[in-house]
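Encoded as structure tokens, the structure appears first; notes follow it.
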Amino acid sequence: MSSSGGGGVAEEVARLWGELPVRVDWAAVAAQWAAAAAAARAAVVVPAVRALVAVSLAMTVMILAEKLFVAAVCLAVRAFRLRPDRRYKWLPIGAAAAAAASSEDDEESGLVAAAAAFPMVLVQIPMFNEREVYKLSIGAACSLDWPSDRVVIQVLDDSTDLVVKDLVEKECQKWQGKGVNIKYEVRGNRKGYKAGALKEGLKHDYVKECEYIAMFDADFQPESDFLLRTVPFLVHNSEIALVQTRWKFVNANECLLTRFQEMSLDYHFKYEQEAGSSVYSFFGFNGTAGVWRIAAIDDAGGWKDRTTVEDMDLAVRATLQGWKFVYVGDVKVKSELPSTFKAYRFQQHRWSCGPANLFKKMMVEILENKKVSFWNKIHLWYDFFFVGKIAAHTVTFIYYCFVIPVSVWLPEIEIPLWGVVYVPTVITLCKAVGTPSSFHLVILWVLFENVMSLHRIKAAVTGILEAGRVNEWVVTEKLGDANKTKPDTNGSDAVKVIDVELTTPLIPKLKKRRTRFWDKYHYSEIFVGICIILSGFYDVLYAKKGYYIFLFIQGLAFLIVGFDYIGVCPP
């Protein structure tokens with residue numbers, strides 16, 4: 001078609017359009033759309049944001065009250081020296097054994113009586129492809145100070161890597177050759193993941209002779225006196241089901257990611273676990289570095305794999321049966337923190353999704369329980385689950401990463417100063433006391449925790465709705481950072497660490513894989529970061545509410561994490 005023909009068609013269309021009886025006033029249309037948008041904003045958007053502000057402020061006050069209560073309890077425990085050994089009976093088993101031995105005329109019978117004073121203990125170490133750390137945990141467990149005929153080391157290997165499985169089995173055989181009573185157990189499937197492995201481990205005949213179980217994940221290295229300091233609580237106090245100890249992190253100074261984790265977990269152990277143990281004799285079992293009474297596990301119904309937090313599930317069911325827990329913070333067990341952001345994200349998904357899912361499954365059961373007091377049920381339902389596992393994740397993202405940025409665009413929304421500055425500051429200071437040596441990192445830590453709240457709220461919603469990744473279990477990746485710690489110079493610990501360092505490297509030379517460009521970054525963080533920064537610019541130019549400093553640095557924190565500039569690069 002010629003250009004002149006095209007021009008004729010255009011002229012004909014223009015002529016027909018001009019002859020139409022209806023004229024479109026685009027200015028009027030735009031005005032109508034603007035009026036409709038303003039009406040929707042006034043009727044829907046503003047009230048909805050105001051409701052979110054009210055809910056966020058209420059949840060923030062709940063969290064503040066909980067943090068102040070925990071701080072007050074821990075202050076009282078320290079002031080009045082209410083250590084666990086003063087609240088419960090504790091006598092060293094070694095002293096009782098020595099007394100039993102000295103009371104016997106015959107030396108041989110005295111030794112038999114001394115050994116009999118030590119209860120039978122099962123040490124469980126669940127593993128899954130733990131190539132980098134299996135020697136450390138097995139070596140530490142086999143070096144525990146306890147009569148060799150009164151302890152059984154049980155390695156529960158669910159590894160799918162046949163090379164790793166063979167290495168773990170040979171390590172167990174090596175310790176068997178040294179006279180250690182160690183059992184290497186495998187099963188035909190991974191049903192139930194860790195809970196399934198622990199449940200299967202209790203079915204063996206030799207476990208029937210054991211009274212207590214000490215549990216350690218594959219990267220945990222207990223000190224040699226671990227059982228001597230924890231088991232007496234169970235021996236002398238029949239009402240205690242669990243003795244939980246504190247985690248000590250061997251790679252806390254590796255990068256900012258591990259420093260942030262240390263700050264969060266130090267507060268959890270030093271304050272939250274201490275307060276729960278002191279006031280309610282209840283807290284969430286951390287899944288490792290603890291000693292259980294087998295009778296309590298059986299009384300609670302055993303291990304269940306209905307959620308990804310089998311440890312918390314067992315703890316809640318045990319406390320509903322009337323059992324008590326004690327936290328012993330003076331006993332520390334070395335462990336490794338995830339140092340890659342990918343591993344940390346998977347871990348936090350499990351730790352946030354599982355509790356929310358468990359709360360949904362047990363909220364009615366908790367309220368209907370008749371074996372615990374009303375106040376213990378309120379603590380379990382409201383304080384432990386709702387505030388600690390639901391509200392804390394929800395308010396952090398909705399309030400600091402959504403409501404405050406959105407309020408910049410809505411002049412009708414006013415947030416009181418106490419809700420923006422004073423209450424969050426007090427909450428932050430209460431949590432920061434857990435790691436005084438990292439106090440200078442508090443602002444960076446808060447910004448990072450706000451970024452992680454995006455994943456935690458998604459995980460919590462997934463758990464409540466039982467959707468998508470609700471039962472996803474990804475084993476936290478370990479890089480073997482425990483090898484970097486300085487060896488102790490006393491006793492068997494030095495020999496144990498040297499033995500690890502002199503072995504042939506276990507990790508073969510890896511082929512470099514090409515990472516696709518779009519797999520390098522985290523797009524949800526990038527999107528949220530851009531939105532928050534845009535809100536900051538709008539505040540500077542138009543709103544003038546003074547939130548822009550916070551919005552700029554919080555948005556930048558999202559972008560830093562989104563472009564994967566946090567943690568270390570895995571090999």
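Along the chain as shown, residues are numbered 1 onward.
Backbone N, Cα and C define each Cβ position, glycine as well.
Residues 83, 270-272, 274-275, 278-279, 383, 387-388, 391-392, 394-395, 398-399, 402-403, 407, 413, 415-416, 419, 423-424, 426-427, 430-431, 433 of the same chain, all 6+ positions outside the transmembrane segment (51-77), place their C-beta atoms under 8 angstroms from a C-beta of that stretch. What TrEMBL records for 51-77 (among others) is transmembrane segment.
Under the heading domain 'Glycosyltransferase 2-like', TrEMBL lists 212-416.
Within the chain, the transmembrane segment (380-410) has long-range Cβ neighbours (under 8 A, six or more residues past its boundaries) at 41, 45-46, 49, 52-53, 55-57, 59-60, 62-63, 66, 272, 276, 282, 284, 316, 319, 352, 355-356, 358-359, 363, 366-367, 372, 420, 424, 449-450, 453-454, 456-457, 459-460, 464, 528, 531-532, 535-536, 538-539, 543, 545, 547, 550-551, 554. Marked as transmembrane segment by TrEMBL: 380-410 (among others).
According to TrEMBL, the transmembrane segment annotation covers 422-448 (among others). Within its own chain, the transmembrane segment (422-448) has Cβ neighbours under 8 Å at 60-61, 63-64, 67-68, 70-71, 256, 259-260, 262-264, 266-271, 400, 553-554, 557, 561, 566, counting only residues six or more beyond its boundaries.
Look at TrEMBL and you will find 521-541 (among others) tagged as transmembrane segment.
Here TrEMBL flags 547-568 (among others) as transmembrane segment.
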State the non-local partners of the transmembrane segment (521-541) in its own chain: residues 6+ outside its ends, Cβ under 8 Å from one of its Cβ atoms.
401, 405-406, 408-409, 451, 454, 547-548, 551-552, 554-559, 561-564
